[in-house]
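According to TrEMBL, the protein carries these features:
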ACT_SITE  E19  active site
BINDING   K138, 185-187, 193-194, 223-230, 315-316  ATP binding site
DOMAIN    142-349  domain 'ATP-grasp'
ACT_SITE  S193  active site
BINDING   D302, E316  Mg(2+) 1 binding site
BINDING   E316, N318  Mg(2+) 2 binding site
ACT_SITE  S327  active site
Amino acid sequence: MIGEKKKCIGLIFGGYSNEHEVSISSAKTVFQAFNSEINKQRFTVKAFYINKFGDWLNSQLSEKILIGEIEIKTIKQGVFNQEKINFLDGIEFQNVDVWFPLLHGFNGEDGSIHGLLRFTKKPLVGCGILGSALGMDKILMKTIFSNFKLPQVNYLVFQNPNLNNNEVKNNLINEILRKLNFPIFVKPSNSGSSLGISKVVNKSEILQALEKAQAIDPRILVEEGLEVREIECGIIGKTQLLTSEIGEVKYESDWFDYDSKYYSNNKITIPAEIDYKITKEIKEIAIQSCRALNVFGFARVDFFLEKYSNKIFLNEINTIPGFTKKSMFPMLWKASGLNIEQLVAKLVDISQDL
């Protein structure tokens with residue numbers, strides 16, 4: 001815009017969660033989108049990389065990571081210690097007009113970064129602390145969905161069970177066998193990108209799956225598996241939430257695990273081949289679920305559609321969905337009329353109203 005001051009976008013990526021590399025890939029896509037010919041007229045970008053030790057690197061070095069001039073493994077080794085910055089100093093952040101956090105998983109998507117950035121009194125792309133925290137915690141999220149009578153698969157919750165105690169362990173396994181049918185999915189309450197999740201098809205696999213989940217989070221969610229289609233819907237906005245086209249993921253593996261999400265050639269269909277009435281209901285539930293958790297800005301809502309009955313089951317909300325080349329969220333909005341350049345600009349515009 002002629003004569004209009006460019007907005008400086010503070011792009012935050014990396015972090016010390018298990019989804020560090022995914023965050024970097026997402027940030028590269030968003031960085032390129034802001035630096036497109038159309039967006040360069042409106043925006044400048046200051047990138048801030050957080051390494052796996054929680055250190056913030058300055059914007060010059062962070063940008064070099066995004067454009068491929070510096071390899072991440074060099075940063076991990078602490079070679080650039082002199083390039084670290086202190087967030088509380090505020091010098092590097094003075095010119096930032098809008099924050100765009102792309103920290104997936106712990107200490108980012110869970111509301112941690114949102115709380116920190118609130119002290120800068122600058123707008124932020126995405127939802128607030130509460131919605132982020134609830135969207136990250138599967139147990140609390142499902143509890144709220146249940147209170148709002150939103151459709152879900154059968155599930156059980158175990159709060160920090162002592163798996164070293166034989167009586168506790170046996171009682172837990174027996175409860176699962178009594179209340180749920182195989183296959184079941186065992187999940188840590190706080191995790192993303194399917195990390196720590198196991199598909200279990202018989203009794204002998206249950207304990208190992210519980211231990212795997214508890215290695216990430218002491219609180220465990222166990223869900224009953226069904227023969228389903230994986231359906232996803234994008235959300236943007238606040239006062240008025242807008243839904244994207246509905247997409248379906250058909251994956252090569254037995255289920256949609258971490259490798260399937262980021263390393264397999266999954267088949268994505270947008271719009272999904274679903275009856276109009278079902279599509280309409282999925283979009284309505286997507287909006288209801290976001291309202292229930294106080295999620296706004298942008299999000300991706302995931303569903304199961306049972307293959308034989310066409311019953312809809314709400315799975316979860318992702319409050320900082322991926323922006324990688326294989327990520328569904330930007331694909332959904334591209335199919336809905338917003339390419340990646342338009343999408344990131346739209347998200348910044350929405351943040352001004354939050």
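In case you wondered, yes, glycine gets a Cβ from its N, Cα and C as well.
The two recorded residues, V186 (ATP binding site) and D302 (Mg(2+) 1 binding site), show a Cα separation of 17 Å. In the three-state DSSP assignment, the secondary structure recorded for N318 (Mg(2+) 2 binding site) is strand. For D302 (Mg(2+) 1 binding site), the same-chain residues lying six or more positions away in sequence with a CB closer than 8 A to its CB are E230, I231, E232, N315, E316, I317, N318. When secondary structure is read from DSSP and collapsed to three states, R229 (ATP binding site) falls in the strand class.
Cβ-based neighbour count (10 Å, all protein chains) for R229 (ATP binding site) stands at 17.
In this structure, K138 (ATP binding site) is part of a helix by DSSP. Closest in space to S327 (active site), of the recorded positions given as E19, K138, E223, E227, is E19, taking the CA atom of each residue. Note: the Cα of E227 (ATP binding site) and the Cα of E19 (active site) are spaced 28 Å from each other. Cα-Cα distance from K138 (ATP binding site) to E19 (active site): 17 Å (rounded to the nearest whole number). When the neighbouring Cβ atoms lying within 10 Å are counted for each of the binding-site residues (E223, E227), the highest count belongs to E223.
Comparing R229 (ATP binding site) with E19 (active site), their Cα atoms are 25 Å apart once rounded. Here the domain 'ATP-grasp' (142-349) returns a mean pLDDT of 93 for the predicted model.
Within the set of recorded positions (E19, G225), the lowest number of other Cβ atoms found within 10 Å of a Cβ is recorded at G225.
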